[in-house]
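Novice: My questions all concern the structure below.
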């Protein structure tokens, strides 16, 4: 009995050594990451198999010799590997351990039994991994280990040259080997404690993502470069990153942290890695690589931002040290990117709705603007006596202009030719007022055939006449041009007035305009929200040019009538 007790202590001693090694292994972040994953790559499975195979080989080497047999914890190593990482690890480890056990004692009493049960232990452990709930694996693992050791004892008795020798060996090593299988449960429980840490870490990451969302929510009400920069600062500070960036499909919208100076001189185009993430709609992780422009960065996480199923940008997280992108950080960042995507989509929808409301208000103002009606009626009354035909045409222009405005819907997409007809009616009335002072030139590409939101061009024409031509003493020219430009259509309004004040351009870009100039800012907002970039405003010598671009989406036209230029 004393000898059996000593052997049991030897088994627990070697199992304890394995537990200690595992304890230190799970302190290593890379190994802990393997434990957290639900699926592993072949390379990762190969690494884990090598670790548990070494445990199994060491168990055989350190075994206590007894009558041609070895008291060891080989089955514990094989079972633990299979239960924790799946059948491939268990079976391959079992085969390696079994072959090694056979080769070090070819022809030995226990060589064949140990070879057989080592492989069987790998198969059983793999089955436990696939079929048994995690909470029960440690218990079933103990039973599986005891079953394998019991089978080993039976095979030793059967395989021994004499039954007496087999029984003698089993009587000495059977109890220690079978009871030692309890250590399988200890190992599995140790790893499950890491799983508990994973769940706690996931809870912390979820709370962190929600905290960041709460802090950034007010900033998404009015999205601009400054608000996005503050969002990046909050994310960087809360997750202790070295740099954070947000991009759209072409440019870096905001960048905060290490390497920020690389994005301050207009060189803000996205990197090839970011382009790849957007093209494939997949997360890209680089854990040991230099960033595109910042060699100090060695870890990078690029997550696509989605709106209505389309990638509209990315969230990028950087660290100076390598291997900083953990699975928990990735999961948190993915959740955070989903929140940001939702907030951006809601913000865009709200701004579109607000712009549509302002456009409707602007249309209503045009409909009932007493000054416009007063001037139009004055022009008509003056023409009645001098030129009745002109007066009749002006009445027709005015009625068609008012009917067009009344029938408008919020951001309705209309044929660009229909929009230009409405502008011609407006200009006809204005030309009646200004006479020879106002000349309008139409530079329209007749091949252009697309749809645009209503009331995008008319406010620009009104701005050119009222703020460009009217203040001048002499004659003035307004040019309206529509032309194809690659895969887009360029729409521009140019006047020969005094030229726009540069401060007005700055205020438009900063979204700050007085109430009496809401038309220009409204068009800038709507174009930017709908097509990604706002108005292009240039001060000329003389005059001003305001242009914007829309996609060249050809649509069928009911009538092929051309504009009367």
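Note: Cβ is positioned from N, Cα and C throughout, glycine not excepted.
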Novice: Please check, using only what Swiss-Prot records about topology, whether residue 106 lies on the same side of the membrane as residue 170.
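Specialist: Membrane side for residue 106 and residue 170, as annotated in Swiss-Prot: identical.
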Novice: By DSSP, what is the split of the topological domain 'Cytoplasmic' (67-74) into helix, strand and coil residues?
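Specialist: Going through the topological domain 'Cytoplasmic' (67-74) residue by residue, I get 1 helix, 3 strand, 4 coil.
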Novice: Residues of the same chain, at least six outside the transmembrane segment (4-24), with any C-beta under 8 angstroms of its C-beta?
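Specialist: Beyond its ends, the transmembrane segment (4-24) has Cβ neighbours at 55, 59, 62, 64, 66, 71-73, 76-77, 80, 172-173, 175-177, 179-180, 183, 186-187, 190-191.
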Novice: By a Cβ-Cβ criterion of under 8 Å, what residues six or more beyond either terminus of the transmembrane segment (140-160) are in contact with it?
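Specialist: Contacts of the transmembrane segment (140-160) (Cβ under 8 Å, skipping residues fewer than 6 from its ends): 69, 75-76, 79-80, 83, 109-110, 112-114, 116-117, 120-121, 124-125, 128, 132, 166-167, 169-170, 173-174, 177-178, 180-182, 184-185, 188.
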Novice: Do any residues, 6 or more residues outside the topological domain 'Periplasmic' (161-172), come within under 8 Å Cβ-to-Cβ of it, and if so which ones?
Specialist: 3-4, 7, 66-69, 109-110, 153
